[in-house]
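A short write-up of the structure that comes next.
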Amino acid sequence: MTQETALLSTSPEGGDLNVPARKVFVKTYGCQMNVYDSDRMSDALSRDGYVATDVLEDADFVLLNTCHIREKAAEKVYSELGRLRELKKAKALEGREMLIGVAGCVAQAEGDEILRRVPAVDLVIGPQTYHRLPDALKRARAGQRIVETEYAIEDKFVHLPAPDKAKTRARGVTAFLTVQEGCDKFCTFCVVPYTRGSEVSRPVAQIVAEAEKLVEGGVREITLLGQNVNAWHGEGPHGREWSLGDLLRRLGEIDGLARLRYTTSHPRDMDDSLIEAHRSMAKLMPYLHLPVQSGSDRILKAMNRRHTAAEYLALVERIRAAQPDLALSGDFIVGFPGETDQDFEDTLRLVEEVNYAQAFSFKYSTRPGTPGAELKEQVPEDVKAKRLEILQALLVKQQRGFAEACVGREIDLLLEKPGRMPGQLVGRSPWLQPVNVDAKASQIGDIIRVRITKAGPNSLFAEMIGESDARS
């Protein structure tokens with residue numbers, strides 16, 4: 001099959017099969033949920049005959065799926081839109097049409113302002129309405145300028161296509177699956193409640209059906225996603241209320257699904273059922289991302305976290321008692337308004353006590369529209385930078401220590417992709433570290449037994465000691 005033939009339209013709506021398919025280029029910013037959303041939007045467009053392209057200049061439609069968490073997120077998007085505007089002009093001079101769309105949390109936050117500032121943009125669509133993207137794009141092609149950012153009454157997941165087996169297989173043996181969206185915690189630094197809305201949980205049957213489709217497409221590991229994933233709840237058999245632990249146990253029953261993970265969690269929603277799942281489920285990987293943000297009770301209160309440092313530490317102790325092999329990850333913000341040297345020392349003390357396998361740390365940045373933006377006593381930038389440097393040095397030391405402690409251990413490794421060297425494959429350890437192994441006789445998707453031989457700065461190295469598992 002020639003490349004031109006491969007790009008012919010396959011629209012189920014009966015388009016001319018001799019007309020080249022339109023191409024869509026999607027650029028994804030930010031979190032894993034945006035990666036999931038981008039895949040689902042691409043799948044939805046494929047029903048109208050669009051094919052994905054990695055070449056920006058070839059695209060008939062360019063979609064930016066944006067993130068609004070970090071400082072100047074919107075300005076970075078506007079900068080990218082300026083470049084796309086020039087590309088759109090150049091293509092128009094050649095008689096080629098290119099539409100531009102903005103999706104995600106910047107779209108939700110900015111709305112009509114995007115069209116005002118960048119008239120070259122054709123459509124703006126929020127994270128709760130992207131199931132309407134195919135229709136919005138048709139209207140944009142007819143000359144309308146579209147803004148779809150209201151919170152939809154209908155369940156968007158009902159209107160999205162099920163995962164396509166061929167596309168799933170092409171995306172790899174690991175997959176994300178959104179089970180929960182939004183957040184009701186209203187931390188004073190965070191925009192999520194304003195861009196993603198209140199907490200909403202997908203129904204059990206819907207989640208299980210999507211997971212089974214992913215496994216049919218060759219997926220062996222699924223990561224459940226949510227802005228506050230452990231707030232998920234739903235109705236189980238006989239009307240019993242289920243929490244995330246129950247859902248994990250149900251997904252663990254799917255034949256062919258070897259591994260489960262979930263992210264991101266809030267300490268206040270780690271219930272007994274979920275902790276028990278960590279103790280009893282072999283398929284649930286011993287890795288937990290549990291952000292705390294600060295080790296100072298005073299700052300935690302100002303952040304509206306609604307827990308203390310001692311309560312967080314007690315929770316960590318309970319989880320580790322249930323799963324002693326657990327690798328813990330966290331998030332930290334330094335320089336929150338009013339943070340003193342003592343507050344920062346309290347954070348360092350908590351980090352020392354927990355001993356993280358991995359963590360993410362950032363300087364506080366004002367997010368317009370959040371309560372934190374109105375707080376006095378903003379910390380000077382040079383103080384933030386110095387504190388971040390100190391904290392990151394400690395976290396890197398802990399991460400290296402955890403990696404070095406893995407040397408000599410024997411683990412099961414899920415092979416995910418080719419390595420840089422001939423015969424080398426790369427997988428993820430149970431604790432989410434990349435692991436390089438010489439495994440010429442194995443293939444992507446196999447789970448093999450390896451011994452860790454070396455810890456590098458960003459990955460581990462291993463030797464194969466066991467045969468690949470049988471694959472159905």
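Each Cβ is built from the backbone N, Cα and C atoms, and glycine gets one as well.
In the record from Swiss-Prot, residues C67, C105 bind [4Fe-4S] cluster 1; the candidate from C31, C183 listed for the same site is C31.
Residue with the densest Cβ environment among the binding-site residues C105, C183, C190: C105, by other Cβ atoms within 10 Å. C183 ([4Fe-4S] cluster 2 binding site) sits 14 Å from C105 ([4Fe-4S] cluster 1 binding site), taking the Cα positions as reference. Reported as a whole number, the C-alpha separation between C31 ([4Fe-4S] cluster 1 binding site) and C190 ([4Fe-4S] cluster 2 binding site) equals 14 Å.
You'll find the Cα of C187 ([4Fe-4S] cluster 2 binding site) roughly 17 Å from the Cα of C105 ([4Fe-4S] cluster 1 binding site). DSSP labels the residues of the domain 'MTTase N-terminal' (22-142) in these numbers: 64 helix, 22 strand, 35 coil. Cα to Cα, C105 ([4Fe-4S] cluster 1 binding site) and C190 ([4Fe-4S] cluster 2 binding site) are separated by 12 Å. For C67 ([4Fe-4S] cluster 1 binding site), applying a Cβ distance below 8 Å and a minimum sequence separation of six or more within one chain yields Y29, G30, C31, N34, A73, G104, C105, V106.
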